[in-house]
Amino acid sequence: MATQDVTLETFQPTIEADGIVLLDFWASWCGPCRMFGPVFEKASESHTDIFFGKIDTEAEQQLAGSLGIQSIPTLMAFRDGILVFNQPGALPAAQLEELIGAVEALDMDDVRAKVAAAQQ
């Protein structure tokens, strides 16, 4: 699946979907973003079971601001509606693949229990 644009209007339904959602926060003027873009796109083609979304921080300033995005590129990973990874900086292809593997391997019952405990 190729990458898809995510906007303020589509953000919530996108992250609440079942499965894995990877979001790349970027801007056209950002050099590291332009380097990471093709890596993210290529990963989207080899992991068709994962949603790969791109959020243009220039066009979606309200969304980026509400999420506290201060540096780009920033990569967020959600699984079954839960944020499981949030880090600024461009990842090399091998690191992105490692991240995808780690997110796929998560025990989501354990993650949900930790989230519930943290909210008490």
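Cβ from N, Cα, C; glycine included.
Computed from a predicted structure; not experimentally measured.
Positions annotated as domain 'Thioredoxin' by TrEMBL: 1-105. Mapped onto DSSP classes, the domain 'Thioredoxin' (1-105) shows 43 helix, 28 strand, 34 coil.
For ASP24, the entry in TrEMBL reads site 'Deprotonates C-terminal active site Cys'. Taking a C-beta cut-off of under 8 angstroms and a sequence separation of 6 or more, ASP24 (site 'Deprotonates C-terminal active site Cys') has the following same-chain neighbours: THR3, CYS33, PHE36, GLY37, PHE40, PHE52, GLY53, LYS54, ILE55, PRO73, THR74, LEU75.
Annotated active site, nucleophile per TrEMBL: CYS30 (among others), in sequence order. Long-range C-beta contacts of CYS30 (active site, nucleophile), restricted to its own chain and to partners at least six residues apart, with a cutoff below 8 Å, comprise ILE72, PRO73.
The disulfide bond annotation in TrEMBL covers CYS30-CYS33.
The Cβ of GLY31 (site 'Contributes to redox potential value') has 8 other Cβ atoms within 10 Å, all protein chains considered. For GLY31 (among others), the entry in TrEMBL reads site 'Contributes to redox potential value'.
For PRO32 (site 'Contributes to redox potential value'), the same-chain residues that are 6 or more apart in sequence and have a Cβ closer than 8 Å to its Cβ are ILE72, PRO73, GLY89, ALA90. Here TrEMBL flags PRO32 (among others) as site 'Contributes to redox potential value'.
The annotation active site, nucleophile is assigned in TrEMBL to CYS33 (among others).
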For a quick check of packing: other C-beta atoms within 10 Å of the C-beta of CYS33 (disulfide bond), how many?
21
Mean of pLDDT values spanning the domain 'Thioredoxin' (1-105):
96
